[in-house]
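These notes are about the structure you will find just below.
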């Protein structure tokens with residue numbers, strides 16, 4: 001008992017003295033007991049799964065719908081969608097450490113309830129605004145010479161961004177902190193819950209956009225907004241009740257490291273004095289005997305000579321800086337950075353890859369089928385993770401997953417040079433002579449016989465006729481590929497999607513590996529801020545991949561983006577290999 005308490009205070013994971021076979025046998029006997037199913041349904045794991053499923057379903061519906069709504073509002077132009085993506089990525093990048101710090105400094109139930117409330121209420125209010133704009137768009141455009149429309153667009157983007165920030169806080173709190181405590185710091189149970197949550201995420205990632213897309217297609221955008229509004233209100237009540245029950249039946253959730261509690265009291269009293277204009281004098285009884293809190297009090301003394309607004313700004317900057325430093329100091333820093341590098345890629349089922357597939361003659365219905373297959377391979381990755389972790393350990397699971405991921409992506413590299421590939425490096429030359437341009441134009445025209453132009457945007461082809469639209473995960477596709485022409489060869493696109501789909505097995509297994517490494521090795525008092533910085537890193541690398549696409553937007557450039565993506569992914573896995581080498585060497589020295 002004392003050993004588990006020590007582990008919970010330092011953020012470590014309790015040592016498993018029972019073998020996996022013994023635990024599984026005991027679990028089987030427990031399931032045979034009458035009423036055990038009812039006990040499980042009332043238990044914390046099932047309640048977390050249901051709450052997570054509702055939250056993920058709502059998030060997937062909203063992220064898909066808001067992109068489509070913004071396109072519809074701005075005359076089928078991608079400008080508002082691009083602005084929204086930039087605002088979301090930039091806000092998490094800048095505020096990730098602050099969000100994580102807020103998660104660390106407050107009780108778990110207050111963090112979960114506040115995040116849940118802010119997220120759902122923001123989506124609800126945003127849906128109401130969108131319903132009003134869609135219903136009275138012409139009247140709104142006539143008010144204030146059209147400036148009211150700009151105000152409505154701004155309000156929608158701000159509310160959607162606030163909802164995304166609250167969703168980030170809720171994800172950090174539940175999936176990075178609560179799960180660790182609920183499993184009793186047991187590695188095997190933790191791996192099982194992580195894998196189950198990821199399976200739920202994979203399923204909702206496919207079904208939720210399809211569900212709301214059908215509502216929007218068969219009815220209207222206003223009905224789609226109303227559907228999302230109703231879902232969020234119902235989800236808010238159910239999730240609030242389930243999370244409250246989990247917090248009550250798991251007493252360990254109400255316990256946080258003492259140093260955090262003392263520091264929180266100190267900061268609250270200090271902030272109150274700052275607002276009252278009093279000088280800060282640290283009482284001896286409130287001074288925790290830790291280096292981090294001593295530094296905190298010194299920093300507070302340093303900024304008291306500034307005006308109040310500058311004091312608050314300086315404190316926010318200091319908190320962000322300390323969060324990034326804490327992230328860098330973690331023993332799993334290289335593993336986290338390796339995972340972040342995997343976000344700089346066009347090799348996924350997002351609007352970039354699906355848009356490119358459309359230029360190669362792939363219809364929307366076939367893309368939907370391929371997305372379903374990719375979801376299945378993603379689920380296979382979660383199953384493989386639990387099997388490999390049980391047989392080879394967590395660190396070795398990451399190594400195996402990395403090799404599998406890179407091996408499958410080699411097919412994507414081969415697709416760049418395979419027959420049917422539209423890659424044309426000559427288009428990157430800024431200056432060419434008129435004669436050579438004529439020759440190159442002829443060559444390009446021969447190679448571009450199987451390239452179909454995109455209408456309305458390079459990533460999301462749009463048609464006025466909504467009946468021809470297929471709603472998929474992150475893009476809008478339609479089946480109007482010219483029937484009189486056909487690609488010279490399908491080998492390139494087949495190799496591309498074969499590599500992308502099979503690589504998801506290793507990708508999700510590696511993702512779960514790094515996630516659990518972060519859960520096991522981060523001190524409980526820093527769990528929120530470190531995962532907040534990890535989210536910032538993920539968004540930063542994701543921004544780089546969009547910058548890549550903006551720099552080379554043509555289908556003929558996609559092969560170059562594929563090669564750059566594989567280089568980034570290789571760099572990320574190399575970072576993990578370095579972490580694994582250090583971890584194994586440290587283990588040998590300790591033994």
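A Cβ is built for glycine as well, from the same backbone N, Cα and C atoms used for every other residue.
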Listed range which TrEMBL flags as transmembrane segment, given the options 111-134, 183-206: 111-134
TrEMBL annotation of transmembrane segment - which of the ranges 364-386, 433-455, 456-478, 525-547 it falls on: 364-386
Given ranges 46-71, 254-279, the stretch to which TrEMBL attaches the annotation transmembrane segment: 46-71
Transmembrane segment range according to TrEMBL, out of 146-174, 291-319: 146-174
Which range of 14-32, 489-507 is transmembrane segment, per TrEMBL: 489-507
Leading contact stretch, 46-71, 218-243, 364-386, 558-579 vs the transmembrane segment (332-358) - CB distance under 8 Å: 558-579
